[in-house]
Amino acid sequence: MSKKYILGVFNDEATLVDAFEKIKAKGILPTEVYTPYPIHEILEGMGKKTRITHAAFFYGLFAAVGILSFLTYAAVIDWPLHYGGKPFNAFPSFIVVTIVATILSITLLTLFTFSARAKIFPGKKAEIFHERATDDKFVIVLDTENLGDNAKAVEEIIREHGEVE
Amino acid sequence: MEERVVLSKKFKLLTYVLIGIGVLSFALGFVFDAKRTWANYLLNNYYFVSLAVGAAFFGAIQYITQSGWSAMFKRVPEALASYFPYAAGFFVLMYFGMHSIYEWTHDEVVQHDHLLQFKSPYLNIPFFFIRVVVFFALWIIMSRLLRKLSLQEDEHGGMEYFKKSERYSKIFIFIIAFSFSLFGVDMLMSLEPHWYSTLFAGKSFIAGLLHASSIMALIVILLSKQGYYKQLNGSHLHDFTRYIFMASIVWGYFNFAEFMLIWYGNIPEETMWFVKRWEGTYKILFFANIILNWAVPFLVLMPRKSSRSKMIILPVVLLLIIGQYTELYYIIWPATVHEAKFGLLEIGTFLGYAGLFAWVVGTALTKASLVPKNHPYLQESIHHHF
């Protein structure tokens, strides 16, 4: 951790967004922003668009098709058995299994996708910028290397409402 | 913020023409095919009262959850709920058609049928109409009360009206949930008195909420095209479509669960209802219901962008309007008319009711400022975004 960071710590959403907009107006993009809940301006301002919803949709689609075809293959084509006088292709009873198993597949697959994209894995050492960043504080993290001459100005913007550490 | 809806002459003329078509279709229908006309009468009565009940329920939920986003639009559910007195009149007039559509009203049938004898303490004509009158009285009183408080709030302002409305809404949702469930059983399930399904009440209830939310979205979009609701933005539309989306998933779930359990249990008393509806046109309608009421809203309204676009919401809402019709047709026709007859009579009567409903709702909208004044959440609603 040889890099140097400036941290701006705020108490509420409005001041954070205000400072964030001002810093952005200077042409600087913060390295990271920690908030207790998602804030739209920040998400858009950081230029981050999530595609995980699309990924989840396609996982769901493939899981549903896959599970349905597996059930059909197993119960209708490969090993047809009579259960309670139902036809071999007991389609309505497949649906319940499909729904439940699809939800499980989506959950697990999106979890793995998210972990891979966010570079999180078990046993990873957490980078903690501020003790209460995952608590009730709003924290902006700025890399001093990117700031260059603007460091003073940025500090002032943050000082207006929050504190610098 | 005073903003009143002015109904254009064209709109009024259109509603009068539609009402005229409806009256004419009913008159001709009673002359030529009384039984089928009574079935139409029941379908349309139920169709539009389910919209009013769904809207009243929607309005009550907004008070209870203290929703900010919908404060601006609360005149719309209020206007839909103003249809109750008309619906009450129509349902009481159904007295004259009872023998044409309800099997359990025939004494000679009941005498030879143990099951109907067993059910007769509940299913008999006097008690049936007592229930109708009590339910409508409750709905009318409660929706009037909320409307009055909402108008008083416009005049005087302050928090007490909102708090009162919230308290009454808490009572109102219980009344609606209980009475509308029984109402659905009375009107639709008792068409085939030998059949029973526990999920039926829940399904018809959520169908009311689903189609009421889509009608409200339609009204709001149409009004904004006329130049009202200038503050309407994508987030408001998104919240409307969330209601449609949510209700359509619940409807799909109930519909599937009802079918699946009856299919799996395979008890003749229960399956006969579906067996009747598994042939010819009714089989097509069975799948059409699922596509119109669940698959289309579910798939189309899922992406964030499409749930904020008027161009996409409008066709979905129109399909849902058809969806409620096909669903009721699917329930009522096999039990009353038996053959899947669909012609000018059905179209004419539906148009008549649609005209009347549009007139009632439109007139109710003109009677008060479209955007409420002094509502505690009004500013939040206007600046709503997420």
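Even glycines carry a Cβ here, placed using N, Cα and C.
All TrEMBL annotations are machine predictions without curation.
Residues annotated as transmembrane segment in TrEMBL: B:13-32, B:44-63, B:83-102, B:122-146, B:167-185, B:205-223, B:243-264, B:284-301, B:313-332, B:344-365.
Taking pairs at least six residues apart, the transmembrane segment (B:13-32) and the transmembrane segment (B:344-365) share three or more Cβ pairs below 8 Å and count as touching.
In summary, the transmembrane segment (B:344-365) does not lie against the transmembrane segment (B:122-146): fewer than three C-beta pairs, each 6 or more positions apart in sequence, are under 8 Å.
The stretch in B:44-63, B:83-102, B:313-332 that contributes the largest number of Cβ pairs under 8 Å to the transmembrane segment (B:122-146) is B:83-102. If you look at the transmembrane segment (B:83-102), the same-chain residues 6 or more away from its ends with a CB under 8 A from one of its CBs are 34-35, 38-39, 41-42, 45, 48-49, 51-52, 56, 125, 128-129, 132-133, 136, 139-140, 143, 190-191, 193, 335-336, 356-357, 360-361.
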